[in-house]
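Chemist: Feature list, courtesy of TrEMBL:
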| type | residues | note |
| --- | --- | --- |
| TRANSMEM | A:12-31 | transmembrane segment |
| TRANSMEM | A:52-76 | transmembrane segment |
| TRANSMEM | A:88-109 | transmembrane segment |
| TRANSMEM | A:147-168 | transmembrane segment |
| TRANSMEM | A:180-202 | transmembrane segment |
| TRANSMEM | A:209-231 | transmembrane segment |
| TRANSMEM | A:294-313 | transmembrane segment |
Amino acid sequence: MANVFNVQVFFIVFRESLEAIIVVSVLLAFLKQGLGGASQDPKVYKQLVRQVWFGALSGVLICLIIGGGFIGAFYGLGKDIWGKSEDLWEGIFCIIAAVIISLMGMPMLRINKMKEKWRIKLAQALVKDPKDGKMGKFRIGHWAKKYAMFILPFITTLREGLEAVVFVGGVSLNQPASSFPLPVVVGLIAGVFVGGLLYYFGTNASMQIFLIISTCILYLIAAGLFSRGVWSFETNSFNRKTGGDASENGSGPGSYDIAKSVWHVNCCNPEINHGWDIFNALLGWQNSATYGSVISYNIYWLFMISVILLMLFEERTGHLPFCKNLTLRQLNPLYHIKGKKKSELTAVEKEELFHQVKQQKFGAEVAETEVNAEDTKQFLDPK
Amino acid sequence: MQILYTLYILLSLITTVVAKTHTFHWNVSWVMANPDGLHERRMVGINNVWPPPTIRVNANDRVVLHLTNSLGEFNTSLHFHGLFVKGFNAHDGPEMVTQCPIPPGATFIHDFNVGDQTGTFWYHSHTGSQYGDGLRGVFIIEDPQGFPYDYDEEVVLTVGDHYHKETQDIMKSFKTRFNPTGAEPVPQNSLFNETRNVTWSIEPEKTYLVRIVNTGLFPSHYLYIEDHSVTIIEIDGIAVEPFEVDSLYITVAQRYVVLLKTKKSINKNYRIVNVLDRDMLDYVPSDLHLVSTNWLVYNEYVPKPDPLPYFDFDTVVNALPEFDDDQFKPKSKQPLLPDPDMVIQVNFTMDMLGDGITYALFNGKSYTQPKVPTLYTALSSGNLSFHQSVYGSNTNTFVIHGDEVIDIVLNNHDPGKHPFHLHGHAFQVISRFNSDDEDNPLDFDPNNSTMTDYPEFPMVRDTVLVDPNGFLVIRFKADNPGVWFFHCHLDWHLEQGLALVLVEAPDILQKTQSKIPQNHIDVCDAVNIPHLGNAAGNRDFLDLHGENVQADWLPMGFTTRGYVAIVVCGLFAIYGIWSIYKYGIEDVSKDNSAAVISKLYKILEEYDSTANR
């Protein structure tokens, strides 16, 4: 089962395609609300909507091709990289996958926040004046502006898609190649489906429940992966010390290090017995649990629970407990490296931004429109 | 009458004169040596010489051997393999069975009469796997009446195996949880007369008496001389009806004495080939010389044939005829002993115990050394000496009565070959079967007429191979009071506990051999081992409190620890999911509630003010 359907891959593709759909839906919402005066000319509106779809789909297509080629090439070239230290690599990949999934999971529960993020990002992209840069001197700037509604979704879906490729690669390069196609396709379909529901019905309670359930499964997987990573490291060191004799013993005595064993049952080995591999993929089941695997599983949850509590606290109060000027974002070193601090927009700046967006012209014959406060409010609150 | 009496006195005087006393002063110490020419290491030598000497005595001679341990940090001991040492049980040699280990600096005195035994025997350390480090040699008892066959020259030939590491270092990586299959250490080489590539110059048309001993630790050897057959006349010190064979299969500790008649022609030299039994090895390193070539040289001016390819086990061994030692009949025509008075049945398995180490077990018990040598327990326990429990619950000790006929039924539930050896006796091998079916080992069934179709004149020897997944039935008469070890002579398995102890006629033993030599007691004192008490060292013989026992069994499935762990994991996961749910559901309420929206605006306004500041 895990050989043809890799659950982690499914969730990553699902999550990334959901995000891509949100980008598309934000753009469509922009257009619907009269961005650049689209609402005044149904012909222009239709044209722009077509551009959005066309851009998004070509982005997806290209990254599917790139991703397929990338992973195919990797498997073609590096089949035997793992070889003897298979357990070591498996451990590394499990930990990487657990970290990636943990970082990706929580934003899924903040679909509105995600939308907001994209609304600002896209608005920023739209208002960037091509005349500011050198490119402004050339016609390409005008061309870019004309087809902005194609380029934006194209670039974003391509980016999200490549991100998915990298993540999928990261979580599962030690898995057989046959475990990819099915979860990728199913993940795409599920992401598009859920995204569509979000677009047409907005976020409501049942949708949120659905997302919560998915996220819970995602984190169960991540906890299992984390524990399995530690387990693999331990197995690797045991195998090194035994010179590989341990694996000769199947799941019986001698297949595990008794000094580190918490429980061991001579059955239900996820590496040998079919069916238990799903249990392993979803919940991190091991027929031979070690102190390392059990403790790391609990530490993972302890960590996630603390992070969630901190996030909730921060959402309510705007800062972390005991540190008035500190938020979780600021704890991320990349936050400072990328200089996010400077580019963080205040509410006023946001308002100004959307104001500008309204005045942008897209397409060939777009009439300028007045912007009023009502529209701005609508941007801030999609409802 | 007077004349007769004088004659009797004279005769006894003659026998006393003939029965010589051989006194040896042996200093056991490390000697640098390079037996296989590939690696120099220290070997255990005697009086600074390695290999140790061959002892040669006559029947009824007395041997007094002062063994001084100069190994620095290791104990030692010396066992005379195959000697019945009848009446001298305390001098048999195995540590913690009939004596204490000899600590560094101590001297242990063996003092015994070899009795009426004749033939080829050997001596070796009985301390752990120490004889693999070199403390081993050949012990020959000749018949003063002369040898029953004519021969021109006698030659002693040992085969064996060799490790580049010292055995105490090998043990560290053998009996550890990091050797989960219990794989026996694979030797680095085989030896031929304690060296390799030997050239044996012989003369044509002569008869050579060859005493062959496998002094190795582990694999059996196939041995043959190209284009020559040999006549076996003695196995394990038991004279047999002459039997001509083309090749031999010798397990460790077995001996064969053969007559070799050399050819007339001297224009060709021949290979002597000894082959390690690959089937016994856990794996075969690519550089291991399974097939070793030595030379029988008739004419040194004729080139020797090339050595056979060292790896080509199959070609060499498949060409050899089947070798079955069951066909050897003792020359004494000793018939099958009567039905047994006692049957000791043991099922042998290899299992991993709770410490992750693989042990060898008889009926679930791995031989674990008692705290008092079993002989001393038998001598000091008085009327309780027939009480099996005083010898400990983990020593596989069986008490047998004098002059009874004993059967040992050994069911081998292991897919390996095991050469078993009994101290103090040569036994009749009356039934032996093997099985290829690893999942269903063949057990002895006394009601199965094929299995109990015992030969009229069974083979008699002191070391016998048990076949994989098969069984072995041996029979002997309890005519040698003493404490006798019965164990696998594949020494790694002995280290894993593949042994049992027979306490034979302790009542007679207490009467005839009650006195432990003072020197032996001194040795015990030097290692702080009591020479009185039961297996636990207690004077209250039925109190086994504190005895040495094997590790606990491997826990099967979930133990309390496992249940607690899985419940804790479950609780953490559930609480984690509950947190995710709480976090996720907040998004909805925010989204749908007007109050939250206004709160959001309020926050935005606050931001504005901070931004404007």
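Quick reminder: no glycine exception, Cβ is built from N, Cα and C everywhere.
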Chemist: Counting only residues 6 or more past its boundaries, what in the same chain has a CB within less than 8 Å of a CB in the transmembrane segment (A:88-109)?
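Modeler: Cβ under 8 Å, 6 or more out: 8, 11-12, 15, 18, 81-82, 167, 170-174, 208, 211-212, 214-215, 218-219, 221-223, 225-226, 228-233, 236, 300, 304, 307-308, 311.
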Chemist: Between the transmembrane segment (A:209-231) and the transmembrane segment (A:147-168), are there three or more CB pairs that fall under 8 A, provided the residues in each pair are separated by 6 or more in sequence?
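Modeler: Contact criterion not met.
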Chemist: List, by number or range, the same-chain residues at least 6 past the transmembrane segment (A:209-231) whose CB is under 8 A from its CB atoms?
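Modeler: Those are 7-8, 11, 14-15, 90-95, 97-98, 101-102, 104-106, 108-109, 111, 171, 194, 280-286, 289-290, 292-294, 296-297, 300-301, 304, in sequence order.
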Chemist: For the transmembrane segment (A:52-76), what are the same-chain contacts with Cβ under 8 Å, counting residues 6+ beyond its ends?
Modeler: 17, 20, 23-24, 27-28, 31, 149-158, 161-162, 164-165, 168-169, 173, 177, 180, 188
Chemist: Other than its close neighbours in sequence, what residues sit by the transmembrane segment (A:12-31), given a CB gap under 8 Å and a spacing of at least six beyond its ends?
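Modeler: The answer is 38-39, 45, 48-49, 52-53, 56, 59-60, 100-101, 104-105, 108, 111, 114-115, 118-119, 122, 149, 152-153, 156-157, 160-161, 163-164, 167-168, 171, 183-184, 186-188, 190-192, 194-196, 198-199, 214, 218, 357, 382.
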Chemist: Take the transmembrane segment (A:180-202) and find every residue of the same chain, 6 or more past its ends, with a Cβ under 8 Å from one of its Cβ atoms.
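Modeler: Contacts of the transmembrane segment (A:180-202) (Cβ under 8 Å, skipping residues fewer than 6 from its ends): 4-7, 9-18, 20-22, 24-25, 28, 60, 71, 111, 168, 172, 210-211, 382-383.
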